[in-house]
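A.B. asks: Feature list, courtesy of Swiss-Prot:
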ACT_SITE  ASP8  active site, nucleophile
BINDING   ASP8, ASP10, ASP212  Mg(2+) binding site
Amino acid sequence: MARLAAFDMDGTLLMPDHHLGEKTLSTLARLRERDITLTFATGRHALEMQHILGALSLDAYLITGNGTRVHSLEGELLHRDDLPADVAELVLYQQWDTRASMHIFNDDGWFTGKEIPALLQAFVYSGFRYQIIDVKKMPLGSVTKICFCGDHDDLTRLQIQLYEALGERAHLCFSATDCLEVLPVGCNKGAALTVLTQHLGLSLRDCMAFGDAMNDREMLVSVGSGFIMGNAMPQLRAELPHLPVIGHCRNQAVSHYLTHWLDYPHLPYSPE
């Protein structure tokens, strides 16, 4: 029996309308009744996730910013990882050949250079939103991550530019087909989950995890039981062909799987 369950949010636990379904909330409550530790592992900001947990009265550990921060049940900071100032400066000041919008994150929030109302649709559940700033005046010493949002083909070309400029000084990953992230070296959800399990006195073999994008890859391969969403990025499924694929987030597939796991642990599972 797993002792910890780690969940990506967008494309995994959240439905396409960016809400948590009632079946999902009920299943999370059942896991807690079984003394299974809940962990939300997401690219979203800690401030937003703490608000969501409070609104839902959920007790869960948080891995946020794709592993840049880990918080306890009480909100205590257990781990932090920031971009080096010179890396943040290069990414912010360089003229990149891209149409993608740039977004900067630190402990105070989410910052960008212009209004992009369409991006806020993903945050209707929490009301979290960006702050408009002159990105060239952003303090460089506390940037957790920088991400670019836009067309996937454009982001793929940008990824090549970033690799050429940064080399091994940053970790690049797609958290969605339309979002490319620049993270500290060695920073990912899997590394953050390792920190958390050590804090809790658990083994990664004691954990299960669910995800749908390339920023979930390290987490999914490190745990005892990793599960890929039916709506996952094709790249993730191609890289991890040995992991089981469950249903679509629109059908609350994580809840569907876990209900079977809780009620019929010895029977084979079908996502249908």
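Every residue, even glycine, has its Cβ placed from backbone N, Cα and C.
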A.B. asks: Including all protein chains displayed, how many Cβ atoms other than that of ASP8 (active site, nucleophile) lie within 10 Å of its Cβ?
C.D. replies: 30
A.B. asks: Have a look around ASP212 (Mg(2+) binding site) and count the other CB atoms within 10 A of its CB, chains all included.
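C.D. replies: Other Cβ atoms found within 10 Å: 27.
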A.B. asks: Hey, for the Mg(2+) site built from ASP8, ASP10, ASP212, who else sits with CB inside 8 A of the CB center?
C.D. replies: MET9, GLY11, THR12, LEU13, LEU14, THR42, ALA176, GLY211, ALA213, ASP216, MET229, CYS249
A.B. asks: Do me a favour and check the Cα-Cα span between ASP8 (active site, nucleophile) and ASP212 (Mg(2+) binding site); whole Å is fine.
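C.D. replies: Pair distance, Cα basis, whole Å: 8 Å.
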A.B. asks: Through the lens of DSSP with three states only, how would you label ASP212 (Mg(2+) binding site)?
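C.D. replies: Looking at the DSSP assignment, ASP212 (Mg(2+) binding site) belongs to neither helix nor strand, so coil.
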